[in-house]
Amino acid sequence: MSRPTATLVLRNAVVATCDRSPSDAGLLPGAAVAVEGRRVAWVGRDRDLEAEVNAGGAQVIDARGGLVTPGLVDSHTHLVFAGERAGEFALRCAGRSYLQVALSGGGIAVTTRATRAAPDEQLLADAAARARRLIAQGVTTIEVKSGYGLDAPEELRLLRIVHQLGDALGGDATILPTLLFHAVPPEQVGDRAAFVREACAALIPQVARERLAVFCDVFVEDGAFAPDEARRLLQAAKDRGLVPRVHAEQLTAGGGARLAAELGCASADHLEELDDAGVAALAEARVVAGLLPLSTLFLGSERYAPARRLLEAGVPVSLATNMNPGSAMSENVGLTLSLACLKLGLTPAEALVAFTAGGARALRQPDLGRIARGADADLVLWGCGSPEHLAWHMAVNHALVVVKHGRVVHEAPSAAMVDCR
């Protein structure tokens, strides 16, 4: 086999391949990664680099003992919205629950009004700023949902803005759009059946026809959609080639996880109220469990998703920020990793794999979330030498260099400094 000709090399690194198992980050000390174009061409011992790779013309980054991982895959976000809900946050700090606030006119309805009133340019600029904050922390793939328009014209508008987001970022991250059914529009609450029927007959086919979304997601919850309504929406989406996903068991045990298993969804996300039957259903169907600990923290709850039970049952798991204005107003990757360890019971290695390979699996993107020959060259050099350090020094951005498709897209001002103690 001829030697690959590298265009980019990261050497003197601790490489985490994240391609072994959910509990094994695949650490390779004293390693290097060679990139050819947009793909990983070689991974191995640093001392073997010159013999096995033609790196004479490559850009070389000396990791100085730092950790190199796959680019993070944020598999659950709501980046496109307008307005704020700081007043609602204060109400919850005073003891009101999320559902109580929503039933009194707050919640998604507040964001829907602001989003509908905002011009496209504002929505795009705000979403791009949020995405840039994620990229600067090592995220190279972002799933982005619609969901705050609620009615068909507004949902189509939001999905078109999500498509523009990829161009606005200049290819610095992969953007994967999702049509989200968040709630019945206020104009149609008197005839829910008509809304579901019209969505299945018109909105979903148009989204599929115009290729505006890869996924279709439904919020299965009291006050949102019942399992039977979600089943109709998701089956219509599947029939049109969209990949189904669900928000499940976040605030109540609503049967969303079992529905996800029944329909073969790519993922069931949240799961704070998941019971043993739901765990078993996800395990049997091999549906990815999407863990979103920032939401649990933000809502002031101590009832986190049963991550250990899920892993022990063989359920694949992903980890994501769930950045949104109502239940997780944060793009903090470091805090997400730390919460996964402190509150979900994951090891640092498990948290890292969940945020890389797990996210890729939730989005059905096999070339993402791992470092292996032929995989996408999405890489991060961190200012520390281990997954443990990433989770231990919490809520800090440790990303020094972020690479997307073999191109450096972000470099921290302190990129010369690596703390590998």
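A Cβ is built for glycine as well, from the same backbone N, Cα and C atoms used for every other residue.
Applying an 8 A CB threshold to same-chain residues 6+ apart, the list for His78 (Zn(2+) binding site) reads Val144, Lys145, Gly147, Tyr148, Leu180, Asn322, Met323, Asn324, Pro325. Reduced to three states, the DSSP call for His78 (Zn(2+) binding site) is coil. Positions annotated as Zn(2+) binding site by Swiss-Prot, on the basis of sequence analysis: His76, His78, His247.
Per Swiss-Prot, Fe(3+) binding site is recorded for His76, His78, His247.
As annotated by Swiss-Prot, 4-imidazolone-5-propanoate binding site applies to Arg85, Tyr148, His182, Gln250, Ser327, with the evidence given as sequence analysis. Counting only same-chain residues six or more apart in sequence, the Cβ atoms lying under 8 angstroms from the Cβ of Arg85 (4-imidazolone-5-propanoate binding site) belong to Gly106, Val110, Thr111, Pro325, Gly326, Met329.
In the three-state DSSP scheme, Tyr148 (4-imidazolone-5-propanoate binding site) is classed as coil. The N-formimidoyl-L-glutamate binding site annotation in Swiss-Prot covers Tyr148, Asn324, Gly326.
Comparing Cβ neighbour counts within 10 Å across the binding-site residues His76, His182, His247, the minimum falls on His182.
On a Cα basis, His182 (4-imidazolone-5-propanoate binding site) lies 14 Å away from His76 (Zn(2+) binding site).
Contacts of Gln250 (4-imidazolone-5-propanoate binding site) defined by a Cβ separation under 8 A and a same-chain sequence distance of 6+ are given as Glu221, His270, Leu271, Glu272, Glu273, Ser295, in order along the sequence.
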